[in-house]
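Enquirer: Quick one: structure below, then a few questions.
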Amino acid sequence: MNDLASTPQPDHTPPERPARQRKPDWIRVRAPVSEGYHETRKLMRELNLNTVCEEAACPNIGECWTKKHATVMILGDVCTRACAFCNVKTGMPRAVDPMEPENTAIAAAKMGLEHIVITSVDRDDLPDGGASQFVKVIEALRRTTPKTTIEILTPDFRGKMRRAVEMICEAGPDVYNHNLETVPRLYPTIRPGARYYASLRLLEEVKSHNPLIFTKSGIMLGLGEQRLEVHQVMDDMRSAEVDFITMGQYLQPTPKHAAVEEFVTPKAFAAYGAIARAKGFLQVASSPLTRSSYHAGDDFAKMRAAREEKLAREQERAKA
Ligand code: SF4
């Protein structure tokens with residue numbers, strides 16, 4: 001008898017992949033088929049622009065592109081990081097496209113945008129992390145479509161944050177968004193290349209440069225976070241004077257990405273939204289399909305109105 005037959009052998013059966021959870025009804029969206037969708041797609045290709053809508057496989061693309069709301073992703077389509085939640089390609093990025101600022105401005109003009117959201121991949125390979133390209137895009141937009149309000153959603157500019165934020169704030173975007181993405185406990189697995197407190201500091205830094213720039217930040221829910229951890233993130237954002245919080249359901253882009261731990265119900269999103277409002281955010285977006293740039297123009301208008309009301313109330317109180 002072979003010895004091996006009686007010796008316990010290591011189990012080489014591949015571990016079972018956790019089954020992908022079936023999406024609940026409230027997540028299902030219609031396929032993008034409208035004429036507006038195809039026009040937006042054509043324009044982006046003609047101008048050689050990337051969008052986070054496509055790269056992140058956003059579920060709202062049908063709705064947003066029908067209305068010609070696309071979020072332009074500058075600095076290429078290859079990211080130097082590999083976050084466990086993100087669908088954007090990872091690797092060595094290509095050279096920065098010098099035509100990107102002008103092309104972004106042309107796209108905004110052709111789409112007749114009142115509000116534009118610009119984001120980027122992480123460019124840890126560039127000496128300024130890509131901050132100067134954000135500045136050039138803002139400047140091109142101000143020249144070409146001066147009435148368009150500008151929202152930027154930046155990376156954390158690891159190791160170069162202070163100078164990058166200073167340059168961008170001087171260019172004067174209307175909204176500066178930087179997402180915390182998840183609760184601090186989950187950073188090592190979900191956002192291993194980033195630091196929670198460095199991201200919070202970035203948001204504080206924007207306000208210290210120019211308190212008039214609205215700040216915005218968001219987290220994904222359904223990654224295994226606890227309710228009290230979400231409340232703590234809200235408190236941290238408020239201590240950094242963040243004006244606008246977004247909360248949306250995390251969706252697993254491919255089986256290789258972090259699994260969905262929970263589909264948070266619309267009722268639970270509404271409850272988180274109510275708590276965020278009570279904590280003093282000027283604007284709150286909390287629903288399963290909320291994304292940083294979803295309905296960004298309408299929400300910007302509401303946030304601006306909320307600030308004006310708040311200032312008027314404070315002036316009234318000061319007079320009394
Ligand atoms: S929510 Fe944002 S990323 Fe998604 S399709 Fe709309 S604009 Fe694009």
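The backbone N, Cα and C atoms fix where each Cβ goes, and this holds for glycine too.
Predicted automatically and left uncurated, TrEMBL annotations should be read as such.
The annotation compositional bias 'Polar residues' is assigned in TrEMBL to 1-10. Look at TrEMBL and you will find 1-23 tagged as region 'Disordered'. If you look up TrEMBL, you'll see 13-23 marked as compositional bias 'Basic and acidic residues'. According to TrEMBL, the [4Fe-4S] cluster 1 binding site annotation covers Cys53, Cys58, Cys64, Ser293. Annotation source TrEMBL lists domain 'Radical SAM core' at 65-282. Per TrEMBL, [4Fe-4S] cluster 2 binding site is recorded for Cys79, Cys83, Cys86.
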Enquirer: When you average the Cβ positions of Cys79, Cys83, Cys86 for the [4Fe-4S] cluster 2 site, which other residues in that chain have a Cβ within 8 Å of that mean position?
Expert: Arg81, Ala82, Phe85, Asn87, Val88, Thr90, Val121, Asp122
Enquirer: Within 8 Å of the centroid of the Cβ atoms of Cys53, Cys58, Cys64, Ser293, which other residues of that chain place their own Cβ, given that this set defines the recorded [4Fe-4S] cluster 1 site?
Expert: Thr51, Val52, Ala56, Asn60, Ile61, Trp65, His69, Ala70, Thr71, Arg291, Tyr294
Enquirer: For ligand 1, list the binding-site residues among Cys53, Cys58, Cys79, Cys83, Cys86 whose CB atom is within a distance below 6 Å of it, in sequence order.
Expert: Cys53, Cys58
Enquirer: Under a three-state reading of DSSP, tell me whether Cys64 ([4Fe-4S] cluster 1 binding site) is helix, strand or coil.
Expert: helix
Enquirer: Average the per-residue pLDDT over the domain 'Radical SAM core' (65-282) and send me the rounded value.
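Expert: Per the prediction, mean pLDDT sits at 96 for the domain 'Radical SAM core' (65-282).
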Enquirer: At the Cα level, what's the spacing in Å between Cys83 ([4Fe-4S] cluster 2 binding site) and Cys53 ([4Fe-4S] cluster 1 binding site), rounded?
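Expert: Given the Cα positions, Cys83 ([4Fe-4S] cluster 2 binding site) is 17 Å from Cys53 ([4Fe-4S] cluster 1 binding site).
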Enquirer: Quick one: give me the count of other CB atoms within 10 A of the CB of Cys64 ([4Fe-4S] cluster 1 binding site).
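Expert: Counting Cβ neighbours of Cys64 ([4Fe-4S] cluster 1 binding site) within 10 Å gives 23.
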